[in-house]
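Colleague: What follows is a single structure, and I will ask about it in a moment.
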There are 2 protein chains.
Amino acid sequence: MSATSTVQLMDGTSLAKRIEDAAARAAEISPRTGTSPCLATVLVGEDPASATYVRMKQARCAKTGSRSRHIGLPATTTTAELIDTLAGLSSDPGVHGILLQHPCGPHIDERAAFEAIAPEKDVDGVTMHSFVAMSFVLPGFVSCTPGGIMRLLEAYDVDLAGKHAVVVGRSAILGNPAGMLLLVMNATVTYSPSRTAGLSAIVREADVVVAAVGRRRLIRGEGVKPGAVVVDAGHDPGNVGDVDFDTASTRTRLITPVPGGVGPMTIAILPAQTVDAAANLLGIQRH
Amino acid sequence: MSATSTVQLMDGTSLAKRIEDAAARAAEISPRTGTSPCLATVLVGEDPASATYVRMKQARCAKTGSRSRHIGLPATTTTAELIDTLAGLSSDPGVHGILLQHPCGPHIDERAAFEAIAPEKDVDGVTMHSFVAMSFVLPGFVSCTPGGIMRLLEAYDVDLAGKHAVVVGRSAILGNPAGMLLLVMNATVTYSPSRTAGLSAIVREADVVVAAVGRRRLIRGEGVKPGAVVVDAGHDPGNVGDVDFDTASTRTRLITPVPGGVGPMTIAILPAQTVDAAANLLGIQRH
């Protein structure tokens, strides 16, 4: 990242901190009930990157006043066994939120596993119930990354109504719900292909680009409309996003850095929704 | 409608007949079980147009070997009473499909009512479960109009992969799921605004237009890309669609007439899904 002084960044790190501070204040109300919010984290196997993600999420929850309970399952766990574990946590009154770290491995039917999470504890926003809630503005939790993106756009006063937003990538927990959330805000939304031929013509028209496909530097500066708002939700282990920051940031009005943009927002939504879930389940009136 | 001989129409009337014939053949398998498929139709109030629609749907079911059971409720019916009725039909083993004719009137919470329909009997494709099934290619029923549109496009060999499909209108049972079904076919999908300013620039780029907003002649010929495929799912009592047929059909490769395009397809999907629902519920192996 080599931002010049004229680039206006959407600073996910500082906004995430504000969201976590608010969650921490909200979590303080729960001692009245004699309990604190509890997130159950479930990890299948021992992938070091996944284990690191889980520890980071647990640490954020601890920082915001939530406990976490970790369930580590062997790599040989079957889908049925994983579903049993998740169903048990769904009905456990001591657990308010459930995170299934994914990908779980090719032998697991992830969709079936996600659906074993009770909607009212789906603080990672991975169930179909949460998808419907996002699409139709019903009560429910958002997927963390799309939810984090929307909070960023809101914080930087990006007016979406009537704007053309292009979403690159259509995964069930990122691109697809991100498009639905933008549509709810009355944007004109295009789900773009990720193959370059079709992509470039579409992205060049976009007022707002959400890149969520996971291909390093897929979108370059010359492909971005001058004055566009660019959100880079791509991620790879080397912290290279879907957007070529150096060339794109010379043309954008607002852009997320990688790291420090969408990543911390994704992480902040989880403890915030855990506190919300606990408040809902414990019957605490939020203000 | 004044089609010239060079206009290639997507003939919903004849395709609908083929679908209904196939449903009728499938319905014949059920006498083995000593029963025939049964659609429950529910109508709140006495709006004459709604009553006509219900009778037409019942007639189509009869033609394809399904019985129907009609429940007429007074206009004063509350949401809670309507939910009770629908929940009763959902658990009634003699009913295989449920149609709630809508709009139900401003005093009814239609979403709550729809959700009282068991997903396995949602042959009109109005529940959130059906929306998710459409979005993520899971088992379930399609909303009748989007489902009918996809069958038309398929019958006329419209290759959607990599094409730019624009959906005008974003209702929960028409525009929104139509876009999801197009996305599943690997089209690039744009949900367009219906306000004319934004609309025209977007529609002009579309290889496939699905107009589903219900504004008479909103889309005119000069706004359509030459060679486009245009599906007009608009409807009004005077059989005027969202597309100005006379000007648009001079430029399109394929276009649906109004009437005789999407309308009959919408109607055909209902008995077809009723037969499917009965087969599923009665445990009949389909071939």
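Yeah, the Cβs are placed from backbone N, Cα and C, and that goes for glycine too.
Because TrEMBL annotations are produced automatically, they should be read as predictions rather than curated entries.
Summarising the annotation, TrEMBL assigns domain 'Tetrahydrofolate dehydrogenase/cyclohydrolase catalytic' to B:10-124. Annotated domain 'Tetrahydrofolate dehydrogenase/cyclohydrolase NAD(P)-binding' per TrEMBL: B:143-279, in sequence order. Residues annotated as NADP(+) binding site in TrEMBL: B:GLY169, B:ARG170, B:SER171.
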Colleague: Mind pulling out which binding-site residues among B:GLY169, B:ARG170, B:SER171 sit under 8 Å from chain A, Cβ to Cβ?
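Modeller: Listed in sequence order, the binding-site residues near chain A are B:ARG170.
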Colleague: Summarise the model's confidence over the domain 'Tetrahydrofolate dehydrogenase/cyclohydrolase NAD(P)-binding' (B:143-279) as a mean pLDDT value.
Modeller: 93
Colleague: Give the sequence-ordered set of same-chain residues, not counting B:GLY169, B:ARG170, B:SER171, with Cβ within 8 Å of the centre of the Cβ atoms defining the NADP(+) site.
Modeller: B:VAL167, B:VAL168, B:ALA172, B:LEU174, B:GLY175, B:ASN176, B:TYR191, B:SER194, B:ALA212, B:VAL213
Colleague: When a 10 Å sphere is centred on the Cβ of B:GLY169 (NADP(+) binding site), how many other Cβ atoms does it contain?
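Modeller: Other Cβ atoms within 10 Å of B:GLY169 (NADP(+) binding site): 23.
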Colleague: On a simple 10 Å Cβ count over all chains shown, which one of the binding-site residues B:ARG170, B:SER171 is most densely packed?
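Modeller: Buried the deepest by this measure is B:ARG170.
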Colleague: When DSSP states are grouped into helix, strand and coil, how many residues of the domain 'Tetrahydrofolate dehydrogenase/cyclohydrolase catalytic' (B:10-124) land in each?
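Modeller: Secondary-structure composition of the domain 'Tetrahydrofolate dehydrogenase/cyclohydrolase catalytic' (B:10-124): 57 helix, 18 strand, 40 coil.
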Colleague: Under a three-state reading of DSSP, tell me whether B:GLY169 (NADP(+) binding site) is helix, strand or coil.
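Modeller: Once the DSSP labels are grouped into three classes, B:GLY169 (NADP(+) binding site) ends up as coil.
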